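What TrEMBL says about this protein:
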- 199-220: transmembrane segment (TRANSMEM)
- 286-309: transmembrane segment (TRANSMEM)
- 425-448: transmembrane segment (TRANSMEM)
- 460-478: transmembrane segment (TRANSMEM)
- 499-518: transmembrane segment (TRANSMEM)
- 538-556: transmembrane segment (TRANSMEM)
- 601-622: transmembrane segment (TRANSMEM)
- 628-650: transmembrane segment (TRANSMEM)
Amino acid sequence: MPNLPFLATIQSDPLSGLLSDPSDTDYRRQRLQQIGSYPSPTPIAQNQADDETTALCAVPSGTGYGTLPIVRPRRARTQTSLWVAPRRPTLPSLPITRSGTISVPDSPSAFSTTFTQSIHHRRISQHRSISVYDAQLVNANADATETEIDVRTNGFRVWYSSFTSIDWLHDSIKDSVRFARLRRGKSIRSRVRLVFDKSLGWIIVTVVGVLTAVVAFLVVRAEQWLFDVKQGYCKTALWHARHFCCPLPDEYGSLDDHCPAWRTWSDVFASWTGSGLGGEDSVVQYLAYTVIAIVLASTSSLLTINLTASTSFVTRKESGVLSPDFNKSGEQNPPSSSQPKRGVIYYAAGSGIPEIKTILSGFVIHGYLGGRVLFIKALGLALSVSSGLSLGKEGPFVHIASCIGNIVSRYHTKYENNEAKRREILSAACAAGVAVAFGAPIGGTLFSLEEVSYFFPPKVMWRSFFCAMIAAVTLRFLNPFGTGKVVLFQVTYDKDWHAYELIFFIILGVLGGVYGAYFSKLNYRWSRDVRGGTWLKAHPVAEVILVTLVTTVLCLSSPYARMGGTDLVYNLFSECRTGSKNTHFNLCVLDPSNFDHVWSVVRAILVAMIVKGFLTIITFGIKLPAGIFVPTLGVGACAGRIVGIAVQWLQYHYPNSIVFDVCEGDMDCVVPGLYAMVGAAAALSGVTRTTVSLSVIMFELTDTLTYAVPVMLSVLVAKTVADALEPKGIYDLVIELSQLPYLDAKHEYLWSNLSIKEVTDRDVDVIRVDRHNTVESLRDQLQSLLNAEHDDGGFPILRPGRDEDGLRMVGYIGASELEHALAVVAERATQEVRFHTTYSDEASYSTWVEEPGQSEDDPFDFSVYMDQAPLMIQSNSPLELLHQFFVKLGARYVIVTDTDGDYEGIIDKKTWLAFLSELEERS
């Protein structure tokens, strides 16, 4: 049998059926390269990229994800002319592999057209893959009901690529179709499947809650042991942390007394050498502490950098034309100078909350919530927190819980094949993460609603609360601290607050707001100008070592600064009880009337506060797992404790003052620990700008609503002051610094005299159905689209209007869907591609309006991937209406028409985000 050129690639085609898994990205990339040339039968090597470079998506800055397009001045146009990109012969900078071993006929006419088309159509009918993502929509035996019409009208989708936004409307329609088909069955089996489908979400959040608690338990236990290993080890059991090794005093948290079962490294050194260098304050003990801290921090950083870099995550769901460029002979092509690198990010670094917010808003980052990141995040978190750096583990628990939620939900196609539905599970998982961090299931649910989640209907709220409750109960049974408490700094008070104290609570709120605003500013500038603008950018591990060394040196100045974050917060929160031997590391003022004694305690706390505040500024953002909650609570608690001690001193000196008449002679009516709690809440509110959820978390920590008013007052004052000084909180600033395409639904914009014409993109290429569209010409248009930085865009499909004066919408096809369709028919470069609508009353265009059923057998009919009813808005509509399209409807793109219904342009989500960013800079 003669050797056809296009048959050479069939053997290496990985597509195996209508609903097969996505084909390899390099395979699809090479097929697009070979359109218009003869393919190579050589198998495609599976390579990994060292960096993410692409000529298809220029990035304005290498410091971020490269997801926001460059903002250019918009030109208002009145004419309706459309710019059509010139055709490109091949993909630029992408080498086309030719093989000299294929026998090629001298002329395409060597075989009849009918013969080759029949062979090709049969092959496509066997191998055409709609993509597993929309497998639930494919039902060949379904009747032509309204549900099936919805499927045809909205079109099929392929998997979303990384750094693109999801189509909320499509996923909602898909789930509606899936559920309608389930309800259509009347048999017992169908009813059982329907009941299981309704219960599946509850089953998944239950599993997520249990697994989140288990992982949190392991992280806490590992962190406790590793933190104490810096000072010594337990002689009775090497795997025990210090408070498990030593007998507990009358109140948990105080280890002032000597523990005979605990052996310090200085004592070990003294016994080896016979010298007298033992003791916890010796030089040997300090050196051991420093070396072990550096080893722990650098190990965490190395794991994060080497195992969770964004370039190390390769998935078959990625776009072929957006995948890294490889030399198929096995050697990697160095990127040209004209191809800027996308900034490499490390998925396990930081708290993960800014990225989780972006993902929940509809952004896709493949691998960020995977198993590898889960393992490295948990292990690296235990190492980084135990090193003594000024960071916490509570924030990263949200990322860890989201990873668990993503992994568990993918075991069923209901959530695996629907990104919007999966985000419902992720919202519940975020609540579980906060629940295990603070032992606050209600606060966790509210935190997910207030700070993290983007789409939070009542059903998601119920599941989030249930998931958080399961996580908190499970962690309580596991008892990570050995005290029956879920968190270490859970405290109770037996005294009420008084009206005069509201003045001091307001002062703490002001201080917390000032600290939160300037901390956010300084950390942002440090990350942008120092971490990202000096040699530290290229040496992240060296930065971690330097920060750890600075931390150990500065912590010499204060014993409180050397304490673990949760230990410090607990002791600052604690109430000093009369007659108790536990002084909480001398934080209790035994003689409030003695100024010298009061000043010595205040000075020690003040030094710890300054050191912790400075270290947190330079630590948050380094390349290892790190949270911001506990360090901020520590700084705020120090300030609150100082204010509380000052009020206590005033009461002792002016007991007969009218202000203290409510104490009725009780010299212990002022509780400095209460002031510490209020100050901690105010500082955290100033940094993160959370209000309701933070207040409830504090209520759950203290097991009482007695102090609801002080906490709520200070939190509201702190947020008000912080917003006045710096409108954005720390998470929003991280999103801005990383250039994450996050659309803030809570932000209000001033549109002034701007109109939709200012943001409409009229230069985007279009597909005209009245023209000859071939496989090769569409490939060239796809290349032009991606060269114009519209990697998350697509093509409006247009036809001439009745009066031949304007262009009317036929539909819209996304870049990923067009790439997938072209890769399937890549062998026939000159074959015409067709688009049609499900219904049409345009008889004059019968050449391109086909019957719907023909597309199932015609591989060159791309209508199956076309959205025939895209969202459209008139150009004279207010910008606020357009904004609500993206915020409330979750639109991925909006088509702009004039008042007569003729096509004018398109606005995609990333273009809208770039416009909002420019608008915010103007204001």
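Think of each number as a place in line: the chain as shown, counted from 1.
For all residues, glycine too, the Cβ spot is worked out from N, Cα and C.
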If one takes Cβ-Cβ under 8 Å and requires six or more residues beyond its ends, the residues near the transmembrane segment (601-622) are 301, 349-350, 389-391, 515, 519, 522-523, 526-527, 531, 540, 543-544, 547, 550-551, 554-555, 557-561, 568, 572, 586-587, 589, 628, 631-632, 634-635, 638-639, 641-642, 645-646, 730, 734
May I ask for the residues of the chain that lie six or more residues beyond the transmembrane segment (628-650) and have a Cβ under 8 Å from a Cβ within it? 351, 390-395, 437, 501, 504, 507-508, 511-512, 515-516, 519, 560, 565-566, 568-569, 572-573, 587, 589, 592-593, 595, 598, 601-602, 605-606, 608-609, 612-613, 615-616, 619-620, 657, 660, 670-684, 687-688, 730
Would you confirm whether the transmembrane segment (460-478) and the transmembrane segment (425-448) meet the contact rule of 3 or more C-beta pairs below 8 angstroms, pairs 6 or more apart in sequence? yes
By Cβ distance under 8 Å, which residues at least 6 away from the ends of the transmembrane segment (538-556) in the same chain are close to it? 286, 289-290, 293-294, 297-298, 300-302, 305, 346, 387-390, 531, 562, 611, 614-615, 618-619, 622-624
For the transmembrane segment (199-220), the distant same-chain contacts (Cβ-Cβ under 8 Å, at least six residues beyond its ends) come to 374, 378, 381-382, 393, 397, 400-401, 404-405, 408-409, 412, 414-415, 424-425, 428-429, 432-433, 435-437, 459, 463-464, 466-475, 478, 480-481
